[in-house]
Every structure is written in C-alpha cells, then in structure tokens.
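The following features are taken from TrEMBL:
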type    : residues : note
DOMAIN  : 34-158   : domain 'Response regulatory'
MOD_RES : 89       : 4-aspartylphosphate
DOMAIN  : 351-478  : domain 'GGDEF'
DOMAIN  : 487-741  : domain 'EAL'
Ligand code: C2E
Ligand code: MG
Ligand code: MG
C-alpha cells in the first residue's frame with residue numbers, strides 16, 4: 001500500500017487516538033498491543049508502521065514485529081504468546097502460504113485469541129472462502145482496498161476483539177478463582193482462619209500482596225471501635241489491641257461509609273468491602289491497593305464478598321457452637337467432649353500423663369437441700385479454687401454434674417494434695433460449705449485403648465474409690481479392666497441367650513410348716529448357656545439390671561410365672577400361690593404396672609394368687625415413689641413380700657407406711673438358728689415384728705429339720721428351702737405337688 005494513498009487527517013475512530021508527534025515503536029512490549037506484520041514486501045511493512053504507528057488504544061500504543069515469510073512467522077508465533085493481531089499477506093513463498101499459516105495458528109498452535117487480518121496484493125483475488133471460513137479471520141482485504149482509514153478501523157476492531165476475548169477469559173478464570181476461594185474458605189471452621197483467608201483471596205483477586213484488615217462491626221458500634229478479626233501486611237499496624245479506633249478519615253471512615261451504604265466502595269488506592277451478617281454483626285474489610293482495579297476485577301470482588309458473607313455468618317455461628325460443644329457454660333471450663341480430645345492428644349504424644357476424675361462428695365444432697373442455685377455457686381467456687389491452686393500445666397475440665405477432671409504430667413497429680421485443696425470450706429452466699437472429693441485415676445502410659453476407654457477406666461476407678469470410702473482415691477489397674485470386659489462379654493451373651501430362649505424358670509416350693517403341705521412356689525430364673533453351663537442368677541441378674549435388659553427379661557418372667565400358675569391351677573391345685581422376684585430397676589420402670597396387668601390379663605392368672613418379692617434394700621430407696629408404687633400394685637390385687645428381710649435397715653415406722661403383706665426372713669438368719677453362738681434372736685425379732693404389724697412371715701433357706709422345728713416353735717407359719725424341695729422344673733413341680741397331696745391323703 002503506497003503511502004500516497006493514505007488520506008491525511010483521516011477520520012478518527014472512537015478508539016483511535018493519534019499522538020502529536022510521530023511515535024517511536026513502542027519498546028514496552030509488555031504494555032503495548034503487539035502486532036505481527038507478515039509480508040514478503042518490505043514496502044508494506046514500512047507503510048503499515050507509518051500508518052498505524054501513532055495508534056493508541058486504551059492508553060496502550062502498538063508495537064510491531066516484522067517477518068517476511070510464513071516460515072518466519074511460525075517461529076515467532078511459537079515463541080511469542082501475547083500477539084494481538086497478525087496482518088498477514090496471503091501470497092508469499094507459496095500462493096497459499098498465508099492460509100497455511102492461519103491453519104497452523106488455529107489448529108496446531110491452538111491460538112484462538114490472536115486476531116488475523118488477511119491482505120492480498122491482487123484485487124479480485126479471492127482465496128477459497130470455504131477454506132478460511134472456519135479459521136476465525138477478522139478481515140479480508142485487498143491491499144489497495146486498505147486505505148489508511150480502513151486499516152485503522154480494521155486493526156482497532158481486531159484489537160478490541162482481542163481485548164474482549166481476554167476479558168472473557170480473565171473473568172472466567174477469575175470466577176473459577178472466586179468459586180475455589182469460596183470453597184476453600186467454607187472449609188475453614190475458625191473465624192481467625194477464615195477472615196485471614198478472605199483478606200488473602202481479595203488480594204489475589206486484585207493481583208497483589210495481602211494488605212488490609214477485616215473487622216466485626218456490631219450495629220451501633222460504628223462510632224466507637226471495631227474488633228479486628230484479621231489483619232495482614234503493613235495495614236496490620238492500624239489495629240491497637242485487636243481494635244480499630246474510629247477516625248474521621250482513613251480506613252475507619254472508609255469502613256463506616258461502606259457499612260452505612262451497605263456496599264463495596266472502590267478507590268484507586270484502597271477498597272472498603274462490606275459483608276452483610278445475618279444473625280450477628282456485619283463485617284467490613286479495608287484493603288490497601290497498589291493499583292486501581294479494573295471493572296472486571298471489581299465485579300469479581302463483588303461476587304466474592306456477597307458469596308463469602310454467608311460463610312462468615314456461618315463461621316461466627318460455628319464459633320458459638322464450638323463454645324457450646326466444647327465448654328461448660330457454668331464454669332467456662334472445657335467439657336467432656338473437649339477432655340476426650342485432650343486425652344487423645346496425650347495418648348498420641350505418648351506422654352507420661354495421668355487422668356484424674358474428681359467427684360464432689362454428697363453434692364446431690366447439698367443440691368437437694370440448698371437448691372440448684374446454691375449447688376451451681378458451689379461448682380463455680382470449686383472450679384475457681386482448682387484453677388487458681390493447681391499447676392497451670394494441668395488441664396482442668398468439668399465433665400459431668402459434680403465431676404471435674406484433671407489431665408497432665410503424672411508427677412504433677414498427687415491425690416493427697418488434690419484432696420487438701422478441699423480442706424478449707426468454700427464460702428457460698430455468705431455460708432461456709434465443707435465438701436470433700438473422691439478421686440478416680442488412670443495412668444495413660446499403662447493404658448491401651450482410646451480416650452473414651454481411658455475415661456471409662458477412670459470412671460471405674462472412681463466408682464471403686466467411692467464404694468470404699470468417700471474422700472479417698474483409687475488408681476485404675478488392668479485387673480479391673482479384665483473384670484469389666486468379662487462383664488461386657490457376659491452382657492452380650494445374655495442378650496443373645498435371652499433372645500434364643502436360654503433362660504427358663506425353676507420353681508421352688510413353699511410349705512405351711514405346721515401341716516407340711518404345699519402353699520406355693522417361688523419362681524427362680526435360670527440361664528443355661530449354649531454349651532450347657534449354668535450361670536448363677538446372682539451373677540447375671542446384676543448385669544441384666546445394669547444393661548437394662550432386666551426390663552424385657554422381667555416382663556417375660558412375670559408372664560411365664562403367671563402362665564405356670566394357671567397350669568398348676570388347671571392341674572387341680574387351686575390354693576397355690578406364685579411368688580415372683582422383681583428387680584429394683586424393673587420396679588422403677590414407668591410402665592411396670594402396665595407390664596404386670598398385661599401379664600395377668602394375657603395369662604388369666606388370678607391376682608390374689610400372685611405375690612411379688614422386692615428386696616429390703618430396695619424398699620429403703622426413694623420412699624415416696626415406693627409407697628405410691630406399692631399402693632398401685634395392691635390395687636391390682638397382687639400381694640407383696642419383702643425379700644431378704646433383716647439384711648437392710650428398714651425402720652419400723654417406715655415399714656408401717658408400706659402396703660406389704662409378708663416378710664421373708666433371710667437365709668443367713670435361718671442358718672444362725674442352730675448356731676450356738678448367735679441363736680435365733682433375729683429370726684425371733686422378725687417374727688415378732690410381723691405379728692405386731694399384722695404381716696405374714698416366711699423363712700427361706702431351711703435346710704434341716706431342726707431349723708424347721710425351731711421356726712415352727714417361734715410361730716413362723718411358712719418356709720422354703722432344700723429341706724422341702726430344690727428349685728424344680730415345671731413338670732417336676734407338678735409331680736412334687738401330686739406326691740405332696742398323696743402324702744397327706746395317705
Ligand atoms: P432370692 O429371691 O432370695 O432366692 C432365694 C435363693 O436361695 C435362690 O437362689 C434359691 O435357690 C436359694 N435357696 C433356696 N433354698 C435354699 C436352701 O435351703 N439353701 C441354700 N443355700 N439356698 C437356698 P437362686 O435361685 O440362685 O437366686 C438367687 C437370687 O437371684 C434370688 O434370691 C433373687 O434375688 C435373684 N433372682 C432369682 N430369680 C429372679 C428373677 O426372676 N427376677 C429377679 N429380679 N431376681 C431373681
Ligand atoms: Mg426371692
Ligand atoms: Mg431371698
């Protein structure tokens with residue numbers, strides 16, 4: 001294109017700005033738009049640079065690269081990745097060298113951003129349009145057609161297209177960046193980590209180093225100072241003691257404005273970002289900028305702040321939840337969950353640590369007597385004293401109502417010193433309260449298992465300590481663990497055994513002493529395991545109680561014994577009474593009466609022929625519940641006996657208030673009767689007591705004739721024991737009853 005063809009003072013495109021002087025070729029390749037001129041005619045190179053040299057777009061000049069063949073162009077394009085436009089001659093070393101290059105750029109190099117303007121020397125010469133259609137060519141002109149103005153317009157349009165392609169590409173990767181940042185931040189659970197992360201991500205979006213602060217701004221606090229949640233870079237120095245003080249200008253003013261306008265504010269040298277909080281305070285960030293953000297980056301920051309606001313709110317909530325999950329609200333100490341974590345850490349570190357549970361003795365009595373508020377105050381006082389007096393290296397926690405725990409280096413935990421801390425009384429609401437503590441300890445080095453197991457072991461040791469002496473302590477030993485594991489094993493075996501029908505009832509006859517005739521029988525639970533071994537009830541019943549299995553088992557016993565009663569009656573023994581043992585746990589169950597009624601209804605057993613045995617120790621606990629329960633039972637028509645009588649400490653007045661029908665003299669007192677040293681005093685007393693209270697008496701464990709004689713002489717009407725019969729299988733019971741009847745008939 002000859003220079004003379006170029007019209008002077010060409011109409012200026014909106015995007016084209018001509019510099020006053022003839023510009024030098026931009027040396028700042030990074031900042032200029034780079035244009036590659038590919039033409040085998042040197043004149044074309046000079047006229048093009050002359051025509052376009054002064055063009056600027058968005059403040060950026062053009063920089064030209066010159067090559068004279070398609071082959072050279074290939075080499076340059078492989079090296080240079082930021083070429084915006086190629087001005088390409090179609091005919092060079094070969095008639096279609098230009099078109100080949102186009103194909104190479106798009107297909108081989110995979111370069112889709114670079115814009116291509118094709119030029120051909122001969123007017124009317126048209127390359128195969130089909131061949132180039134697919135190659136995203138910006139313009140196709142004959143050289144004579146390309147006047148200076150047209151060339152400007154064409155190149156300017158190409159550069160604008162190139163810029164848009166890049167903006168789209170940037171915003172796509174920018175959005176992907178926002179999504180990634182968002183996802184990563186959401187995974188952080190602490191406010192500190194997350195807020196710092198936000199500052200870093202904003203800086204990354206702005207393409208600079210993080211430099212700013214993020215504050216929590218509770219409504220109405222604008223005029224005072226804000227709590228700085230995170231800060232980084234030189235801006236960190238703006239915060240004093242974690243607070244950002246109010247100021248008429250500078251960061252605080254910018255933050256106040258963003259909060260007031262509820263939006264992000266963009267300035268050339270800083271940003272004030274607003275994060276709306278839902279449940280809590282709003283959040284705002286101030287970020288120093290090294291250069292202004294373009295529209296696209298602002299858009300991305302807007303998207304980021306609005307999406308992250310939800311996460312900030314969650315994380316604030318999470319902090320609250322974390323507190324609730326790991327700390328005891330009353331004392332502010334770590335709770336059980338947190339202790340488990342701490343023990344786990346100790347175990348993993350293999351530290352020579354001891355875990356010590358501290359149980360406040362008689363706390364529930366104090367609580368009941370003086371009220372919960374007083375009890376709470378006592379716990380707080382205990383927590384404060386322990387915290388103040390114990391070594392700071394020990395972790396203190398409150399893991400249950402009145403149970404504290406200590407965890408730390410074994411040599412820092414001394415049981416005697418611990419108990420000394422309770423020597424002085426606690427002053428609560430102006431009163432001196434004296435309490436003691438019982439300790440259960442476990443040495444973690446001797447422990448195998450996880451933190452939960454260690455805690456269980458410490459609890460076992462505590463229970464053992466309590467069973468011995470209040471105010472004492474006990475270290476867990478492996479032997480205790482073995483015993484517990486055996487019990488757990490037995491518990492599983494009992495559960496499956498019960499389901500498989502390994503439990504059954506034996507019936508031990510009870511007789512009228514004077515006539516020696518059958519009166520009834522006591523149903524006694526038996527467990528024969530799969531391998532034919534018998535597990536004694538004294539062993540498995542406590543386990544059934546402990547595990548709660550006794551509820552189902554007990555209900556089954558009630559039904560089964562009632563059914564047996566009905567069978568015995570059907571065999572003709574109508575004045576036969578069935579005694580059924582009831583465990584304490586079962587008795588306290590809220591549906592116990594329903595279970596009893598159900599058993600009676602389902603089997604059709606007459607209630608007046610059914611007797612329940614409760615133990616004396618049980619009769620002493622929770623008197624009010626017991627009195628009410630017994631009255632309810634009486635209303636069903638069933639009678640009640642107190643088992644193992646004489647082993648407990650029932651008071652006379654209390655006994656009178658219970659609706660019971662019979663006392664069962666414990667076997668130990670029956671055995672004593674023939675013992676020269678001890679004699680029959682207790683048995684006598686019980687019989688006398690029964691007479692005075694109008695209660696019937698039965699003696700259990702009668703093994704020989706002399707015992708029977710003495711009891712009869714003392715006025716005991718009924719007895720049970722090996723002398724008369726062992727516990728019998730149902731068929732044997734019927735046989736026993738038949739032979740008993742025959743004996744009397746004879
Ligand atoms: P218990 O209710 O005091 O039962 C009397 C225990 O003394 C029975 O032991 C019985 O076999 C035993 N016995 C009876 N006569 C003699 C004798 O002349 N000499 C000796 N040395 N022992 C005699 P067993 O069957 O081993 O039951 C032990 C305890 O297990 C029972 O004491 C009772 O507390 C509990 N138990 C048994 N069956 C059940 C049940 O179905 N439910 C509940 N909750 N507890 C039961
Ligand atoms: Mg009994
Ligand atoms: Mg008994």
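From the backbone N, Cα and C atoms, a Cβ is placed for every residue, glycine too.
TrEMBL labels come from automatic prediction, so no person has curated them.
The Cβ of the residue listed as '4-aspartylphosphate' has 23 neighbouring Cβ atoms from other residues within 10 Å, across all protein chains displayed. Mean per-residue pLDDT, taken over the domain 'GGDEF' (351-478), amounts to 90. DSSP places the residues of the domain 'Response regulatory' (34-158) in helix, strand and coil in these numbers: 49 helix, 33 strand, 43 coil. Assigned with DSSP, the residues of the domain 'GGDEF' (351-478) fall into helix, strand and coil as follows: 57 helix, 37 strand, 34 coil.
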